[in-house]
Amino acid sequence: MGCASSIHISDRVVYHSGKESEDSHSPQQTNTTQQSQQQGNPAPGLPIKPSSYKSTFTEVQFGPMKLYEDQLQVLLVFAKEDGQSNGFSWACEKANFRCNVARTPESALECFLEKHHDIIIIDHRHSRYFDAEALCRSIRAASSSENTVIVAVVKRPDREEGSVMPLISAGFNRRYLENANMMACYNELLQLEHGEVRTQFKLRACNAVFTALEQSQEAIEITSEDQVIQYVNPAYESSMGYQRGELVGKEIIEVPTSERNKPDLLDTINSCIRKGKEWQGVYYAKKKNGDSVQQNVKITPVPGQGGKIRHYVSINRPLNDNNKSDKCSDRVQAESQTDMQSCKHKDRRKGSLDVRSTTSRGSDGSSQRRHSSMARIHSMTIEAPITKVINIINAAQESSPMPVAEALDRVLEILRTTELYSPQLGTKEEDPHTNDLVGGLMTDGLRRLSGNEYIFATKQLHHIPSHLITPLSLNDIPPRVAQTMENEDSWDFDIFNLEAATMKRPLVYLGLTVFSRFGVCEFLNCSEAVLRSWLQVIEANYHASNSYHNSSHAADVLHATAYFLCKERVKQSLDPIDEVAALIAATVHDVDHPGRTNSFLCNAGSELAILYNDTAVLESHHAALAFQLSTRDDKCNIFKNMERNEYRTLRQAIIDMVLATEMTKHFEHVNKFVNSINKPLAALEENGGNGDEEAAKSILTLPENRILVKRMLIKCADISNPCRPLELCIEWAGRISEEYFAQTDEEKRQSLPVVMPVFDRNTCSIPKSQISFIDYFITDMFDAWDAFADLPNLMQHLDNNFKYWKGLDERKLHSLRPPPE
């Protein structure tokens, strides 16, 4: 299907039906014509000669650029011809706009993709014909619609006027209250042309400007009036050693500056540019690797609204004579300062500036205060440990031979990165499964710039139906359920048998048993009835529809946590309050999990991602909701009888453990555990001698080390599936794969970025994904945990399971199990 019709200025008009006509009208057209003539307007559909014609091209001045705008194109989307559609048709003819008319959403979308109209007017008055907002979203999904102005024609409100937010959310720029008066339509088009359309026309031109900046050989940096870096081009990245993402959004004072500049240089520069005058001279900038580079610099203040300086553009070019002596460079800098003080700028294009230290807040007198703050910051003597380490290395470099100095340079580059604990992966092609797993589990998602948002509905807190009430006490547990829990203290305990016996409510029953074994009710000073109610509420707020993140997973993590707490080394390290915190944290650690990853929620613009600023979204929600559910009703408030300070300590420990299950800090937690606990304990064992027990105890019971143990404990419990007996491991692998498949399916349906492309249910190799997960996340972590807690049976299961997945992969099988013989 194409455009239903085209309307051109001529003696013959192509009507909306697509048929030609000269003076013949249908009855409906005649009535509309008479009405229009009574209003003093020409009749729609009649051959009309506009009183004046505009030229085909419009000239627009945009700064120093002169833009030539072609004849505007308008698309009218009306299911049926009426006075309103005729009014806009006549207005387009009078304004000399090229106009197309479409009757269906399909033809409208096809027509737009072919012609890329400047203005689209969609009839939003009659939902029975088509969904105007859905059509608008479809058009906005096309990248070519970025600069298109879309207008909704709406009915005049009968009562109180509603909000325009639904229209804006759908992608409309503007609404037009139903008015078939032709001059009203014509005026609307004129306002659009000289308002939104011309603005979009200028924005399109900005793409050409930024293309030029991207291709420029000179290093360019743009900052806001508040000294926030807003843009650097590739030449700047190359010359300074930074990546764009490391700079954009940062204030200039956050980026290190060179100590080789004269003390009063910044004052001189600021005094010049805050007056709105351009500055040019020589400046030392500090590269990411710590080297100082001498540059020719030009800073140009750019005034904006109200004449106030809104941006600073810096052009940077390194001097070619970097090998000159310090004395010579000091002389050049002194000469440039003389030029600066009089603001006599030589007309040379060798300008370069590290704007981080030379832009000013603006012309409102605040720049002087800003500079004094910067001076105080640079004169502070407070140093972080990493700063001290870097200073020690810098000092050592000065007296080191060249190979050592170069090696220390590489060390400094590593230390200056913020990702000290994250291993560097190979290319995407080398190991797509590992890359996808890391991308999906250790990042907060790609940022989307479109308006297509996935809103995760606010979840209603679940109440407990009467038919799900569990027994009053442990003694009343049904025999079948009790039988499945006979070996609940064994690592080989089958959680799926309990899931089946309890009709997918394993958390309540296992929770009652485990909490009783550890004396949780006695510690919390609460009754077993309150504990039972609490477990019911928590389990009710897990999603049974999730294939993996449901209450069976919570029960499995609770079981692993209880198992680890019984290990001798763990018991030596933790106090009773730590044990209780660990059991509660395991129970609630995934409550209300939606079956989607953090990356998905961030990409989709979910309410949770917005609430938690795209940072540890799910983990923050689990912890917060757990306490909301617990404290809203005394009948299930297991904390209500605790002393205030003890409750605060317990609460903090629970929150810390739940947040530790977030994977972005996986390697940080593991490395801190190894360096702070495993290595010192191993050193004690190697050295031998007296006092080892006391020394080991002091390591284990340090408050900061107890925190590391608890984090490691819940992390290992959370992803212990590959260390379970083979059949349990296979079942969990199938469940997590299905959940990832469902997420990929939804990402494709919602046109969201696909976070883990290898998890496509039609092509995914489950053995490969398990091998990658074990290699990347599991092996090192459980090696460290085994060295601490002594878990030979887990390591044997891990070895067996890895060989199983390897065997399937070597046979090029993608499934969970080999085909039957």
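Using the three backbone atoms N, Cα and C, a Cβ is placed for every residue, glycine included.
Some features that TrEMBL has for this protein:
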ACT_SITE  His549  active site, proton donor
BINDING   His549, Asn550, Ser551, Ser552, His553, Asp590, Asp718, Gln770  AMP binding site
BINDING   His553, His589, Asp590, Asp718  Zn(2+) 1 binding site
BINDING   Asp590  Zn(2+) 2 binding site
COMPBIAS  16-25  compositional bias 'Basic and acidic residues'
COMPBIAS  28-39  compositional bias 'Low complexity'
COMPBIAS  323-333  compositional bias 'Basic and acidic residues'
COMPBIAS  356-366  compositional bias 'Low complexity'
DOMAIN    212-276  domain 'PAS'
DOMAIN    473-812  domain 'PDEase'
REGION    16-50  region 'Disordered'
REGION    316-376  region 'Disordered'
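In sequence order, His549, Ala554, Val557, Ala586, His593, Thr661 are the same-chain residues whose CB sits within 8 A of the CB centroid of His553, His589, Asp590, Asp718, the residues recorded for Zn(2+) 1 being left out.
Its own atom aside, the Cβ of the residue listed as 'active site, proton donor' has 22 Cβ atoms within 10 angstroms in the protein chains shown.
Close to Gln770 (AMP binding site) in the fold, though at least 6 residues off in sequence, lie Pro722, Ala733, Asn801, Trp805, each with a CB less than 8 Å from its CB. Within 10 Å of the C-beta atom of Asp718 (AMP binding site) sit 23 other C-beta atoms, taking all shown protein chains into account. Other Cβ atoms within 10 Å of the Cβ of His553 (AMP binding site), summed over all protein chains shown, number 24. Least crowded of the binding-site residues (Asn550, Ser551, Ser552), judged by neighbouring Cβ atoms within 10 Å of its own Cβ: Asn550.
Residues within less than 8 Å, Cβ to Cβ, of Asp590 (AMP binding site) and separated from it by at least 6 positions along the same chain comprise Tyr542, His549, His553, Ala554, Val557, Leu618, His622, Thr661. A mean pLDDT of 83 is what the model gives for the domain 'PAS' (212-276).
Residue counts for the domain 'PAS' (212-276) under DSSP, helix first, then strand, then coil, are 27 helix, 12 strand, 26 coil. Counting in whole angstrom, Ser552 (AMP binding site) lies 12 from His589 (Zn(2+) 1 binding site) by their C-alpha atoms.
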